[in-house]
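Note sheet for the following structure.
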Amino acid sequence: MKERIVNLETLDFETSQEVSLRPNLWEDFIGQEKIKSNLQISICAAKKRQESLDHMLFFGPPGLGKTSISHIIAKEMETNIKITAAPMIEKSGDLAAILTNLQAKDILFIDEIHRLSPAIEEVLYPAMEDFRLDIIIGSGPAAQTIKIDLPPFTLIGATTRAGMLSNPLRDRFGMSFRMQFYSPSELSLIIKKAAAKLNQDIKEESADEIAKRSRGTPRIALRLLKRVRDFALVKNSSLMDLSITLHALNELGVNELGFDEADLAYLSLLANAQGRPVGLNTIAASMREDEGTIEDVIEPFLLANGYLERTAKGRIATPKTHALLKIPTLNPQTLF
């Protein structure tokens, strides 16, 4: 399947641009108000006690600001943040090298934390609970455990698949936050702020139109903003007006609901099953897509907006999907 403009993964060329558009202060971070409020209280209390923050877990679909909010936490705590990802921590020595280089109150951010191996988790437990690193030297009867004290630090874990976390690891987080999709008004404000940073003039209705098609996700909103900006430049227009915006979004294949070809193919597959549950492996095979991508990228927004139901037997299209695709149900009074 061709690359999606509404793909939720960060593309390589976007990394530096994302950093430049990233909010640096609470007042710059739009949305997630309940999470922000709770974090501000926790940060204030930790600073008054002169302690590190409790370990915390952020979970939810990609692109909702887990990394950005972690950077703000570090700035508010006036400390350093070390960013890594679980797939990069292959051996206990990798984790030990990271932990022993942390300073007091530093923040360690581990993305995709659900992908840590059980062996790495075992090393992490005493580090989280007792700020102690247990290293085993040798093997068999001659093996010895060396205990190394660590400075108090805060572990921030981020995951798109909280259900895959082991219970012992999940229980060691003092705070757990579910990141929510953003409203169109929040996304419109994010888009206008980003456009200002890019020195790009944009009409209010253009920002609103991009926001409507951004699947409740800032990462997608910023990506669409930059692509529409390219169209405006090619059209020799210094202003992103509604006409250019609509033309660009239609050319990019993103409809009024934020759906693209992959979303519509997914929904058509379910709707044509006429109420019969469709298994994830069947969907993945039909779409030639990875099961994890379907679960983490395609389904969350569709599920949150009522276009499908997940059951023990598989996925089922809702009446909302049948109405959208104009695919009638064979027996609507008994299907749902």
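Here the Cβ of each residue, glycine as well, is placed from N, Cα and C on the backbone.
Here is what Swiss-Prot records for this protein:
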BINDING   L21, R22, G63, K66, T67, S68, E129, D130, F131, R172, Y182, R219  ATP binding site
BINDING   T67  Mg(2+) binding site
BINDING   R310, R315  DNA binding site
REGION    1-182  region 'Large ATPase domain (RuvB-L)'
REGION    183-253  region 'Small ATPAse domain (RuvB-S)'
REGION    256-336  region 'Head domain (RuvB-H)'
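Overlay of Swiss-Prot feature records on the structure.
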| residue | record | contacts (Cβ under 8 Å, 6+ apart) |
| --- | --- | --- |
| L21 | ATP binding site | A194, K197, L198, L222 |
| T67 | ATP binding site | I83, F109, D111, A158 |
| E129 | ATP binding site | R172 |
| F131 | ATP binding site | D149, L150, P151, P152, F153 |
| Y182 | ATP binding site | I30, G31, L64, I190, S214, G216, T217, P218, A221 |
| R310 | DNA binding site | E299, L303 |
| R315 | DNA binding site | L270, P277, V278, G279, L280, I283, E299, L308, E309 |
Inset, instruction - Please report the number of other Cβ atoms within 10 Å of the Cβ of G63 (ATP binding site). - result: 28
Inset, instruction - With DSSP as the yardstick, break the region 'Small ATPAse domain (RuvB-S)' (183-253) down into helix, strand and coil residue counts. - result: 50 helix, 4 strand, 17 coil
Inset, instruction - Give the helix, strand or coil assignment DSSP yields for R310 (DNA binding site). - result: strand
Inset, instruction - Over the region 'Large ATPase domain (RuvB-L)' (1-182), work out the mean pLDDT and round it to an integer. - result: 90
Inset, instruction - With DSSP as the reference, give the number of residues of the region 'Head domain (RuvB-H)' (256-336) in helix, strand and coil. - result: 44 helix, 9 strand, 28 coil
